[in-house]
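Worksheet for the structure shown next.
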Amino acid sequence: MRLKVGLLGGGSWGTTVASVVSRNAPITLWARDAETVDGINADNENHKYLPGIKLPSALRATNDLAEVVAGADVLVMGVPSHSFRAVLEEAASHLRPWVPVISLTKGLELASGKRMTELIEEVLPGHPVGVLTGPNLAREIMTGQAAASVLSMEDEIVVRALQPVFHSGLFRVYTNTDLLGCELGGVLKNIIAIAVGMGDGLGAGDNTRSALMTRGLSEITRLGVAMGGRAETFAGLTGMGDLIATCTSPLSRNRHVGVELGKGRPIDEIIAGMNMVAEGVKSAPTVIALAERYGLDMPIARDVYDVTQGKRSAQEVFRGLLRSAVGDEAHPG
Ligand SMILES: NC(=O)C1=CN([C@@H]2O[C@H](COP(=O)(O)OP(=O)(O)OC[C@H]3O[C@@H](n4cnc5c(N)ncnc54)[C@H](OP(=O)(O)O)[C@@H]3O)[C@@H](O)[C@H]2O)C=CC1
Ligand SMILES: O=C(CO)COP(=O)(O)O
């Protein structure tokens, strides 16, 4: 039986995942924006988020959320974290019982600090939940570059059953049962990418970038393990893998924010000039609150928080980093 997939969210990543899935399964994409829907159906193009890229003709889009959700055997959530709960609540009354819900979103709920899969469990109790995450820059995948990703769900049987929905020749989908670890890796690497971007914007060198990424991974792993993730997950595709892609690619929106901060531009101006989401800016305060709750020192994340809140400049933060105490690499703090 071919599972029918419904995907909510017509941004760059929702459209990309829908295009990938359309090779394997019937899929309908819901977008709130009528022009996005028309562009996908009439021109096979998402003019707003993936201009110039031809989408598969099998991909169909609609404005009708109820139709997409009610017809889905698998529901995929591709809206940013700030809209996730509202869209999920709208979907809830239309979803059939036990339909798995997979999140593509790499952010935390601002008010509660919750992960997106925690929101799914809260709004849709009883539905199997998962994430699809990894080093996956949308535009690269749409231009036919190979990539690997991870479908993570706690139940090994369910995750194996859903893997073929997402996996294809150039989009290689592994499975992992460490849901919390996989999900957190995707959230936390955004903050380190902002830090690396700040360094690049200030003209820092490759050694500096390498130091920030490595110490950043150490911060990610400390918090992730304290919250219940497995250490080895953070060394895999959803941790180190995604960190490398996001910290080094000019396509990353989070890194872009960092680069512009490094050049001295104010955060509000940078965000106002972007038509896409940079989740790390929104999750930095929540991550700092989590670090405090778990009694952990996360100096790079704290610096990103300070700069994105306008408390200090990128330049000040970089001077501070060079002056900070250095101890045992393996046992910081
Ligand atoms: N882009 C990428 O390469 C990757 C992104 N991700 C993650 O995927 C998630 C989505 O990002 P991405 O697709 O890139 O985001 P974009 O900024 O490209 O697009 C955001 C989309 O969400 C829609 N949206 C926002 N608020 C609402 C709402 N209240 N109701 C309905 N739709 C809404 C927007 O609609 P509208 O146009 O109408 O505003 C738009 O279609 C993020 O968490 C991101 O971190 C993960 C991996 C790769
Ligand atoms: O998550 C991503 C790559 O895996 C996309 O990163 P940005 O949101 O920074 O563009």
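Cβ coordinates are placed from backbone N, Cα and C, and glycine is handled just like the others.
TrEMBL: automatically predicted annotations, no manual curation.
Over in TrEMBL, the protein carries these features:
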{"type": "DOMAIN", "residues": "4-156", "note": "domain 'Glycerol-3-phosphate dehydrogenase NAD-dependent N-terminal'"}
{"type": "BINDING", "residues": "Gly9, Gly10, Gly11, Ser12, Trp13, Gly14, Ala138, Arg253", "note": "NAD(+) binding site"}
{"type": "BINDING", "residues": "Ser12, Trp13, Arg32, Tyr49, Lys106, Ala138, Arg253, Val277, Glu279", "note": "NADPH binding site"}
{"type": "BINDING", "residues": "Lys106, Gly134, Lys189, Asp242, Ser252, Arg253, Asn254", "note": "sn-glycerol 3-phosphate binding site"}
{"type": "BINDING", "residues": "Lys106, Arg253, Asn254", "note": "substrate binding site"}
{"type": "DOMAIN", "residues": "178-318", "note": "domain 'Glycerol-3-phosphate dehydrogenase NAD-dependent C-terminal'"}
{"type": "ACT_SITE", "residues": "Lys189", "note": "active site, proton acceptor"}
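Positions of TrEMBL features highlighted on the structure.
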residue : record                               : Cβ within 10 Å
Gly9    : NAD(+) binding site                  : 24
Gly10   : NAD(+) binding site                  : 25
Gly11   : NAD(+) binding site                  : 22
Ser12   : NAD(+) binding site                  : 24
Trp13   : NAD(+) binding site                  : 23
Gly14   : NAD(+) binding site                  : 27
Asp242  : sn-glycerol 3-phosphate binding site : 29
Ser252  : sn-glycerol 3-phosphate binding site : 23
Asn254  : sn-glycerol 3-phosphate binding site : 27
Glu279  : NADPH binding site                   : 20
Checklist line | Listed binding-site residues adjacent to ligand 2, that is, members of Gly9, Gly11, Trp13, Lys189 whose C-beta is under 6 A away | finding: none
Margin query: Mean pLDDT across the domain 'Glycerol-3-phosphate dehydrogenase NAD-dependent C-terminal' (178-318), rounded to an integer, is what?
Written below: 97
Note to self: Between Gly9 (NAD(+) binding site) and Asp242 (sn-glycerol 3-phosphate binding site), how many Å separate their Cα atoms?
What the structure shows: 21
Check: Taking just the CA atoms, what is the gap between Ala138 (NAD(+) binding site) and Asn254 (sn-glycerol 3-phosphate binding site) in Å?
Finding: 14
Item checked: Largest tally of Cβ atoms lying within 10 Å of a Cβ, found at which of the binding-site residues Arg32, Lys106, Lys189, Arg253 -> Lys189
Item checked: Listed binding-site residues (Gly134, Ala138), ranked by Cβ neighbours within 10 Å, top entry -> Gly134
Next item on the list: For ligand 1, pick out the binding-site residues Gly134, Lys189, Asp242, Arg253, Asn254 that have a CB under 6 angstroms away from one of its atoms.
Entry: none
Next item on the list: Pull the DSSP breakdown for the domain 'Glycerol-3-phosphate dehydrogenase NAD-dependent C-terminal' (178-318) and write it out as helix, strand, coil residue counts.
Entry: 107 helix, 0 strand, 34 coil
